[in-house]
Amino acid sequence: MNNSQGRVTFEDVTVNFTQGEWQRLNPEQRNLYRDVMLENYSNLVSVGQGETTKPDVILRLEQGKEPWLEEEEVLGSGRAEKNGDIGGQIWKPKDVKESLAREVPSINKETLTTQKGVECDGSKKILPLGIDDVSSLQHYVQNNSHDDNGYRKLVGNNPSKFVGQQLKCNACRKLFSSKSRLQSHLRRHACQKPFECHSCGRAFGEKWKLDKHQKTHAEERPYKCENCGNAYKQKSNLFQHQKMHTKEKPYQCKTCGKAFSWKSSCINHEKIHNAKKSYQCNECEKSFRQNSTLIQHKKVHTGQKPFQCTDCGKAFIYKSDLVKHQRIHTGEKPYKCSICEKAFSQKSNVIDHEKIHTGKRAYECDLCGNTFIQKKNLIQHKKIHTGEKPYECNRCGKAFFQKSNLHSHQKTHSGERTYRCSECGKTFIRKLNLSLHKKTHTGQKPYGCSECGKAFADRSYLVRHQKRIHSR
């Protein structure tokens, strides 16, 4: 077959097996077949020569099904009869490799289209686009594997050890359990990203990553939570969200007993007990266990705030802070108290709130003995003893313990009253004052005195009552 004289089709590069032939192949031979066929098909698609309807053999391979055909289908596919029977022998991986290299033409850059190279940021080498199992990627794998002599670089001296053999990347020394995973990893070193999104132009090294990314462009959110109505683009995100409602935490840390909803979270947490803080900030000398945490921390020093709210323009250092902030605009409060069902926008707030019901005051001031439900309240309280008031008004010079108090104070200068009661229209400078005011409309008085039974709308009123009346 001369590929240069005509259009390459998937039929030109397809090898079919009967059920009997397929069953004689061992797992590593089947994996090799899958790698070659999927890689060739993806290369055809990437240059616009793939079929509009995905071939049945590719569908089967992607779904993990066995791709064998009935014997008459195989004979009718144009494959030579001498290749229709493997003679009962069990092929070695090397034999399968050589046979597939003969039967499945290499789809290289000359066969498809002439493409320019790309420059790898890591090595500054110009590398060809259009990787397939037989041509440029195979060459790269062979040059970066840990053994000698061609295909044995991947499988070792004994081809039967291919399955389960740990393959090593010479560039970063990372180990892999299968050849396909090593190949996928090597694309990163080679800066090869053949799968491009037609909507935004972003490119990916693996097709499944492109498929996942393309869902972010679609407005459709097909996976909906039956409890709260939240919708998600991916089913895995819905499963993760639903654990919030069930409070299921099956994975427990063996060292401290802390429980997690996800196994990966538990594994990452356990590293805290073992790992050294080997990543140090050269600005403040603070140390971290993970390099990713150090990178995030450095943004504090640079002032970089890459995550901006599209509603109000406010920018944040961390994406998680932006997500929390956006709930102010949407009014979303996904975290409910299990006792009184009060809803909160942040998980940490509901955890702190539930401590009010238990009465647990775990944080004690070592100077005066006052106890607090929340650690942040203890930190703020200690400033009373030190006299520290780090937040100063730039208009009148008045200083405050808390930044929130400074913001509230500055509104007295501007006259801004941003919090309005929906019942009577009265406006307030502070959100706290609006919350207290609303209770006059509802008549709600949840804080009862244990001594006389008198009820109050706010906890501060109850505390003041107990000090004035019952502590005499």
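Using the three backbone atoms N, Cα and C, a Cβ is placed for every residue, glycine included.
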With the ranges 3-25, 95-117, 118-140, 279-301 to choose from, which does Swiss-Prot describe as zinc finger? 279-301
Which range of 28-50, 419-441 is zinc finger, per Swiss-Prot: 419-441
Residues outside the zinc finger (307-329) whose C-beta sits under 8 Å from one of its C-beta atoms, at least 6 past its ends, are 296, 299-300, 345-346
Counts of helix, strand and coil residues, the zinc finger (335-357), according to DSSP: 11 helix, 4 strand, 8 coil
